Amino acid sequence: MTEKGGRGADNVEDAMSDIRSSFEFDYEQALTLTGFGWFHYRLLALCGLIYANTAIGITVMSFVLPSATCDFRMTSEDKGWLTAAPMLGMVVGSYFWGCLADTKGRRIVLIAALLLDGTVGLLSTAAQIFPIFMFLRFINGFAITGAMGICFPYLGEFQPTAYREKILCWMELFWTLGIIVLPCIAWLVIPLPLRWETTDGGVIFGSWNLFVALCAIPSLLLGLWLLYFPESPKFLIECGEPALALEILKDIYQTNTGRDRNECPVIRLKESDRSNTIMETHNRSIRTFNIHDPKHMKILLPEIWEQTKALCSSEFRRNTTLACLIQFGITTSYYTLMIWFPELFGRYEEYEKRYPNATVSVCDVSSIVLENVNDTLVDDFCGTEIDTKVYWHTLLLGIACIPTSLWLPLCVHRLGAKFFLMFSLAVAGLVTVGLAYVGNSTQNLILSCIFEALTSMGISTVYCVMVDLFPTNLRVMAAAFSLTFGRCGALLGNILFGFLVDLNCLVPIVLFSVMLFGSAILCFFLPDTGTTALQ
């Protein structure tokens, strides 16, 4: 009798379990049922503008270099260190923000990174001493890398599988927007006859200071706008908070359909299948732990270490290695040359004024520095305004990205992300080689535009692929890990270019081309993405 009763109870429990599971939806099903509409467009606009802002934040130094040369008495080596300072901040910040985003959430970390970037950016405009200015730009790099590394996973975790890859690829258009807006702001502000100086010359505020301040304000505004958006529901599920994730999905349903949130067909969400040590041991969400509490940090640090080790496990080791090496190769080349392009444009204009109709390569034009009487760039350019053509040429770099920015999202499903990566990096490598053989500023501009269009498309595509390569609990950490490698390359590239641009610039050009070719080959070994469900 007892045995029959026990079997009956087991059957009832199994039946009830089947009924409950029939009303439970996994995250991909829930995203599909909430629809695709106004919420997703607003989120794309927000994350896109954050990405455009990172483009401005990273390349803002390209116009500060020639503009602040006189105030800070900078040599080429000083400029190399100044451009390297934000990159060093990115190296330090990438892993830090990644760990924080996987423990406290994507949204709160994005807000913190943006507000820090904007605040420090404003403070840097008042810096009168070169080392202090360089340190504040280091903090800017530390902050902006958090926004760059997290905005893609944050956006991607709200997208259904059918839309995810295409939506993420549209982010490239926003990067292009940032590259276009930056020279426009510089063109409007830096030539202004604005210069305020104390009688003793101890405090100077010029047009380039105002330019830096204007470029810092968008970070503050975007950080405040982000307050009106929710945390990633997928992240909340991974933290063991499916009830809160469900409430967010109901809000998304209401925004997309215009119906009452209680009409949302998603009743229950399946909990994460992945084990969460903290949840199992302490029966609380990882988000509830305070990083300022030493006791909590003793609990969080082992979990962070386990996540880091997981990236090197047999399951993810191959993808992690490929992501890191590809990021290193493409980032070293792109961020170094992109930041130095306006400086090289300026040198070309100066050279062609002195020697009209002369045929000269990028490397030869830099010898103008060594021909100076005092053997310094400072005395030669101090007080010289940036030529108008420099702004126009830099603007053309951004405009050249528009075709590739449209080509990527419109054709990514047809051609695949791997094709775009391999094509863009291989051709960019050939273009980099060509930079050593240009004969005038026009040829240099054409190749620079092609290089910018292809490499920026390649970088955005890498971020898109990263979202599908790793599960939710490792996604931001993996992005941060690979970004750290990439920023190390950018750091070394800027220092190297600063030292060699006046001595033997052929060496970094050859090195950058080899890195791009190598990254293109490594992309062949990446798995196909864009068709799998969000893990």
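Glycine is no exception: its Cβ is also placed from the backbone N, Cα and C atoms.
Keep in mind that TrEMBL annotations are predicted by a computer and have not been checked by a curator.
Marked as domain 'Major facilitator superfamily (MFS) profile' by TrEMBL: 43-530.
Annotation source TrEMBL lists transmembrane segment at 43-68 (among others).
Among the features that TrEMBL reports, transmembrane segment is placed at 80-101 (among others).
What TrEMBL records for 108-129 (among others) is transmembrane segment. Same-chain residues lying 6 or more positions outside the transmembrane segment (108-129) and placing a CB less than 8 Å from one of its CB atoms are 50, 53, 57, 97, 100-101, 136-137, 139-140, 142-147, 150-151, 154, 202-205, 209-210, 212-213, 215-223, 226-227, 231.
Marked as transmembrane segment by TrEMBL: 135-155 (among others).
Taken from TrEMBL, the feature transmembrane segment covers 167-190 (among others).
Positions annotated as transmembrane segment by TrEMBL: 210-228 (among others).
Distant neighbours of the transmembrane segment (322-341): 58-59, 61-62, 65, 83, 87, 393-394, 397, 421, 425, 428, 432, 448, 451-452, 455-456, 458-459, 462, 466, 469, 478, 481-483, 485-490, 492-494, 496-497, 501, 508, 512-513, 515-516, 518-519, 522-523, 525-526; these residues of the same chain sit at least 6 beyond its ends, with a Cβ under 8 Å from one of its Cβ atoms. Look at TrEMBL and you will find 322-341 (among others) tagged as transmembrane segment.
Among the features that TrEMBL reports, transmembrane segment is placed at 390-412 (among others). Below 8 angstroms of C-beta separation, residues 62-63, 66, 165-167, 169-170, 172-173, 175-184, 186-187, 338, 341-342, 345-346, 349, 420, 424, 441, 445, 448-450, 452-454, 456-457, 460-461, 464, 530 of the same chain, each at least six residues beyond the ends of the transmembrane segment (390-412), sit close to that stretch.
TrEMBL lists 419-439 (among others) with the feature transmembrane segment.
Outside the transmembrane segment (445-466) by six or more residues, the chain places 152-153, 156, 165, 168-169, 171-172, 175-176, 179, 323, 326-327, 330-331, 333-334, 337-338, 341, 345, 393, 396-401, 403-405, 407-408, 412, 417, 420-421, 423-425, 427-428, 431-432, 434-435, 438, 475, 478-479, 482, 516, 519, 526, 529 with a CB less than 8 A from a CB of the stretch. The transmembrane segment annotation in TrEMBL covers 445-466 (among others).
TrEMBL lists 478-500 (among others) with the feature transmembrane segment.
Annotation comment: TrEMBL describes 506-526 (among others) as transmembrane segment.
Proximity of the transmembrane segment (506-526) to the transmembrane segment (135-155) is not established, fewer than 3 Cβ-Cβ distances being under 8 Å for residue pairs spaced 6 or more apart. Away from its own ends, the transmembrane segment (419-439) comes close to residues 326, 329-330, 333, 337, 359-363, 404, 408, 412, 447-448, 450-451, 454-455, 457-458, 461-462, 465, 506, 509-510, 512-514, 516-517, 519-520, 523-524, 526 of its chain (Cβ-Cβ under 8 Å, at least six residues beyond either end).
Between the transmembrane segment (167-190) and the transmembrane segment (43-68) there are at least 3 Cβ pairs closer than 8 Å, counting only pairs 6 or more residues apart in sequence, which means the two stretches are in contact. In this chain, the transmembrane segment (135-155) lies in contact with the transmembrane segment (43-68); the count of Cβ pairs under 8 Å, excluding pairs fewer than 6 apart in sequence, is at least 3.
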